[in-house]
Structures are given as structure tokens and as C-alpha cells.
Amino acid sequence: MKITVIGAGNVGATASLRIAEKQLAKEVVLIDIVEGIPQGKALDMYESGPVALFDTCIYGSNDYKDSENSDIVLITAGLARKPGMTREDLLMKNTAIIKEVTEQVMKYSKNPIIIMVSNPLDVMTYVAHTISGLAKERVIGMAGVLDTARFRSFIAEELNVSMQDINAFVLGGHGDSMVPIVKYTSIAGIPITELLPKEKIDAIVERTRNGGIEIVNHLKTGSAYYAPAASAVEMIEAIVKDRKRILPCTTMLNGQFGIDGVFCGVPVKLGKNGIEQILEINLSDDELEALQKSAALVAENCKSLQSVLS
Ligand SMILES: NC(=O)C1=CN([C@@H]2O[C@H](COP(=O)(O)OP(=O)(O)OC[C@H]3O[C@@H](n4cnc5c(N)ncnc54)[C@H](O)[C@@H]3O)[C@@H](O)[C@H]2O)C=CC1
Ligand SMILES: O=C([O-])CC(=O)C(=O)O
């Protein structure tokens with residue numbers, strides 16, 4: 001297994017180290033546009049191997065040739081937002097970056113699975129899919145796992161119970177319009193509505209929607225990376241180990257949930273072939289409407305890129 005991580009910044013470097021520590025690949029290549037950074041960070045990580053007990057070969061490069069024959073490519077290249085910005089403010093600059101990155105990746109790997117992290121997430125997944133020409137099952141966006149991790153962590157904190165016992169799904173686009181699905185949120189199988197009053201659930205839903213900007217406002221210089229990296233690596237682990245995990249991921253919908261031709265976060269089965277199934281679960285009328293609205297916003301942004309991508 002060879003995994004290439006594009007972007008040696010906060011998310012990319014953190015994810016690379018987690019991949020090595022979990023021994024998910026024999027080879028990890030960290031690529032960035034800035035000279036020295038991927039080489040220095042990767043060497044530093046490699047030197048932690050004897051202490052952290054991994055044998056993964058991890059190295060940095062500015063040359064995409066080193067990504068040759070990758071099985072999985074994690075894309076984290078691009079700008080991150082700062083306080084006062086929305087993820088959509090990154091649209092034009094990150095589109096140019098993701099277009100170039102995807103072209104380079106496809107020069108050297110025939111049929112990789114691409115996991116997109118760069119924002120605005122759903123639109124960047126669309127850009128990578130369009131440019132790469134890969135099957136839609138092989139271009140997957142990371143957002144739902146992160147948004148759901150935030151939702152689960154806030155619920156665990158509120159109830160003072162283990163995070164492990166919280167099951168939930170946050171669907172839709174990765175933005176203010178994301179849709180935490182209360183109906184399928186449970187604590188060791190007990191519906192959340194039996195353990196928390198509506199006002200508390202509403203407050204947790206709201207905090208989840210603002211989970212990204214909450215961190216940006218603390219950090220001031222960039223955005224979250226520990227939970228995002230952990231979330232991307234959970235998806236990689238499901239693929240590498242062919243675990244058939246059911247996780248909320250961004251994928252192209254073709255009629256499911258009444259949404260057509262748009263990338264949007266929904267529950268999927270993840271295994272060695274990428275997205276192996278989309279689970280079209282029953283949603284309440286309100287939740288379905290919110291999901292469709294969220295997808296419509298993604299579609300609008302994708303449409304605005306038509307001239308750039310053609
Ligand atoms: N989907 C999600 O849930 C999340 C998405 N993000 C997004 O991930 C992206 C990365 O975030 P961070 O790692 O915090 O940013 P960062 O600024 O720490 O790292 C970005 C890296 O990309 C590199 N880069 C820029 N242009 C490039 C190019 N053309 N080719 C190769 N590398 C290039 C930069 O040199 C930098 O090292 C941002 O767009 C951010 O908004 C971040 C967290 C969660
Ligand atoms: O908030 C941001 O810009 C980064 C991100 O997507 C997140 O942390 O959810």
C-alpha cells in the first residue's frame with residue numbers, strides 16, 4: 001500500500017504521522033509546493049519510527065513523480081480560512097490549486113482512490129472528480145466523519161458518557177447548511193431524545209454547525225487539523241483494511257435522496273474499492289428538505305466553476 005498526501009501543512013502532516021503510526025501503508029509520500037517543508041517534516045516523522053514503533057517508509061518531495069503508483073491520495077493542499085472568512089471564500093483560489101494538484105496526481109497514478117479534504121469540501125471533491133476522470137466511487141470527500149465526531153464529542157460531554165457509545169450522522173454539505181440527523185442519534189442504542197431535552201439537542205446541533213469556525217476563532221491563524229486528520233485517517237483505514245465501515249462521506253449522488261449530479265455528504269459503505277454502497281436511509285420531511293437545500297448550495301457553487309473547469 002502506497003499513500004500520497006498532498007499538502008504538508010497542518011492537516012497533511014498530522015494525517016501522515018497518523019497513517020504511519022497506525023501502519024496503514026508501507027510507503028507514505030508527503031508532497032508540497034514549498035521546498036524543504038515536506039522533506040523536513042517527513043524526515044522528522046520517519047525518525048520518530050523507532051520510538052513510536054512503526055516501519056513505514058515516509059519521505060517528502062516537491063516532485064509528483066514520487067507519488068507514482070499510489071493506491072490512495074489524500075489531498076489537503078490549499079488555503080485555510082481565517083477569522084471572518086467562510087469556507088466559500090476559498091472557492092476560486094483552491095479550485096485553481098486542486099485542479100493543478102489533481103492533474104499532477106493523475107499523471108503518475110492510474111487508478112488511485114482520492115480523498116479530498118481541501119475546502120470548500122464538496123466543491124473541491126467535484127473538481128477532483130471532474131479533472132481526474134476517475135469513477136465516482138473513487139473520489140471521496142472528508143467532512144461528515146469530522147462533523148459527526150464533533151457532534152458525538154459534544155453529546156458525550158453533555159451526558160458525561162464515553163464518546164464510544166455515541167452513534168450519529170451529520171449529512172449534507174460541509175458548511176452552515178450541514179444536517180445533523182437527530183433521528184439516528186443514539187447513546188448505546190438509546191435515542192438521544194430520551195436522554196436530552198429538545199433545547200439541549202438544538203444547542204448541540206448549532207454548536208456542531210459552527211464547529212469549524214469555533215476553532216478558527218481560537219487559532220486565528222488557520223483552521224482545525226487534529227480532528228480533521230483523525231477523520232481522514234479513519235476513512236483511509238476503512239479502505240486499506242476493507243472494513244466496510246458505514247461512515248458519512250461526500251459522494252456524487254445520482255438520484256438518491258432526490259438529489260442528482262451533486263456531491264453531498266450521505267452514509268456510505270467504505271471498503272477497498274472506495275464507496276461500495278450509498279445507504280439511502282429514511283429521513284424526516286424536515287431533514288430531507290434540509291439535505292436537498294444543502295446540496296442545492298453545493299450545486300450552485302459547482303455551476304459557477306463551469307468556465308474554469310472546461
Ligand atoms: N474537509 C474538512 O473537514 C476540512 C478541510 N480543511 C481544509 O484543508 C485545507 C488544508 O488545511 P491546513 O492543512 O490547515 O492548511 P495549511 O495552510 O496548514 O496547509 C496547506 C498546505 O498546502 C500547500 N499548498 C498550497 N498550494 C499547493 C499546491 N499547489 N500544491 C501542493 N501543495 C500546496 C501549502 O504550501 C501548505 O503547506 C484547507 O483548504 C482547509 O480549509 C481543513 C480542516 C477540515
Ligand atoms: O473550518 C474550516 O475552515 C476548516 C473545516 O472545514 C473544519 O474545521 O470543519
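All positions are counted from 1 along the displayed chain.
Note: Cβ is positioned from N, Cα and C throughout, glycine not excepted.
Whatever TrEMBL says is automated annotation, not expert-curated.
The candidate list N69, N94 contains one residue that TrEMBL assigns to the NAD(+) site with G7, A8, G9, N10, V11, G12, D32, V117, S118, N119, namely N94. Here the recorded positions are R81, R150, H174, and the one ringed by the most other CB atoms within 10 angstroms is H174. The number of other Cβ atoms within 10 Å of the Cβ belonging to N119 (NAD(+) binding site), over all protein chains shown, comes to 25. Of the candidate binding-site residues, G7, V11, V117, N119, the one lying closest to R87 (substrate binding site) when CA atoms are compared is N119.
Sequence-distant neighbours of G9 (NAD(+) binding site) (same chain, 6+ residues apart, CB-CB distance under 8 A): D32, T76, A77, A80, G222, Y225.
Compared over the binding-site residues D32, R87, V117, the count of CB atoms lying within 10 A of a residue's CB peaks at V117.
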